[in-house]
Structure formats: C-alpha cells, structure tokens
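Undergrad: Below is the structure I would like to discuss, written out as structure tokens.
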Amino acid sequence: MTPASSYFSLDNSFQAALIHRSYCNEHPGFQSNERLEFLGDAVLSLVISSRLYHLFPHLPEGELTARRSNLVQTSSLAAKAKVLRLDAQLKLSRGEEEGGGRNNPTLLANTFEAVLGALYLDSGLSACDKLLQSVFPDSEIQKLTHIKDPKSLLQEISQAKGWGTPTYHTVTATGPDHAKRFEVSVHLNRQPAATGTGTSKQRAETAAATAALNNLPVK
C-alpha cells in the first residue's frame, strides 16, 4: 500500500493531520487536527458519493445512501487508517497512548478524515480521489451487494450511538383513498431528524430514513 504521505506535496500538511488534541495539551503551540477532520468529512462524502453515483447508475437514492453509510462507518474508516499505517504515526499524549488510543476506532476514523482534509488543502480533490481509490477500489465497492435498507441501517447507527430505536410519526395523509400521499417524520434520540413523503406509509418512512442518513455525519 502506498504511504498516505506520498500523496502530499508538503510533509508539514500531512503531519498536521496526525495531531490529536490530547497531544496539544502536552505540547503548547501545536494545533489539533479537528478542523481538518471537519473538512475531510465533507471531502469523503463528496468523493464516495460521486464514485457510487457512477458505479451504480440504476440504483435509487436510498440504496446509494445505504452503500455510502456502509463504506464510511467508523469501523470501516478505522480499518483503512490502519491500512495506511496512520495508527503508527499519530501524535498522542502519554495518557491517550497508555489508554490504547492507537487502537481506538473513533480516533482512527477521525484521523483518516483529517488526512483527507489536509490532502484536499495540500493537493486538491483529485489527490483525495486517488487516495480513496487506493483504499476503496472499485472492486471492493462493487461487492457491496448485501446492504441493509435505509430504515434498518438508520436503526443500527442510532442504537450504536446510544440514541435508541428511531421512531416514525405520520405528519400528514392527503389525497383520495386511491391516491394517498403520506408525510412521515423520523425522530432520533427523541428529536426530529428528517421527513419523507411517499404513496404509502412504508415508502414515506423509507424516504425519511434516507433523509436522516443524509443529514448524519458520514461516519
């Protein structure tokens, strides 16, 4: 696997993406990689969405969203961070090091995104696409055939975050009986997350789940 640093024109840009906030507490003057992580999250979503759009020209939005969520979930990004050996290059505090930070899936996934954010600033979107092609080749993406439907995937993510099971509420039901149109809202952690419409409650719930997945951070 090509080292992540080889995609950068400036080594300082790469090194900046490896600085965990705990390191800054022990080394004043350094800036954490959190802003780069924020940018990388958006870059990751754009590049993976574009890849899926072109690889699966006949899939509807909901299935594309489910595939993207599968690819960029925390466990997946953490594994890719290890493939790129980011775990060995992280700059951590002694406490974070002793606490197993180099094997923390969330920390690794965040670092992966920070590297993408730094690479975007350093060399642009095409370089980010090349790096993502190396860790998410088309052959791997095309093997994603057993993908959970949006409602199941949203439930899995919600429960993993400690938010419990999503709840769905019918907002409106309009039109004659033979041509009803439903609007449904979905709540996560007891808070409204998104709405969707459809010609049946089931379709409206699926649309709401898809919208909620799109509103969540990509990982």
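Here the Cβ of each residue, glycine as well, is placed from N, Cα and C on the backbone.
Keep in mind that TrEMBL annotations are predicted by a computer and have not been checked by a curator.
Below are the features listed in TrEMBL for this protein:
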type: ACT_SITE; residues: D41; note: active site
type: ACT_SITE; residues: E113; note: active site
type: BINDING; residues: E37, N110, E113; note: Mg(2+) binding site
type: DOMAIN; residues: 14-124; note: domain 'RNase III'
type: DOMAIN; residues: 149-218; note: domain 'DRBM'
Undergrad: Between the Cα atoms of N110 (Mg(2+) binding site) and D41 (active site), what distance do you get, rounded to the nearest Å?
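TA: Answer for this pair: 9 Å between alpha carbons.
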Undergrad: Suppose we draw a 10 Å sphere around the Cβ of E37 (Mg(2+) binding site). How many other Cβ atoms does it contain, all chains included?
TA: 21
Undergrad: Identify, among the active-site residues D41, E113, the residue whose Cβ has the fewest other Cβ atoms within 10 Å in this structure.
TA: D41
Undergrad: Expressed to the nearest Å, what is the distance separating E37 (Mg(2+) binding site) and E113 (active site) at their Cα atoms?
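TA: Their Cα atoms are separated by 5 Å.
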Undergrad: As a test of reading the model: what is the averaged pLDDT for the domain 'DRBM' (149-218)?
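TA: Mean per-residue confidence for the domain 'DRBM' (149-218): 90 out of 100.
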Undergrad: Between the Cα atoms of D41 (active site) and E113 (active site), what distance do you get, rounded to the nearest Å?
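TA: One finds 6 Å between the Cα atoms of these residues.
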Undergrad: Within the domain 'DRBM' (149-218), count helix residues (DSSP H, G, I), strand residues (E, B) and coil residues, in that order.
TA: 29 helix, 24 strand, 17 coil
Undergrad: Per DSSP, E113 (active site) is which: helix, strand or coil?
TA: helix
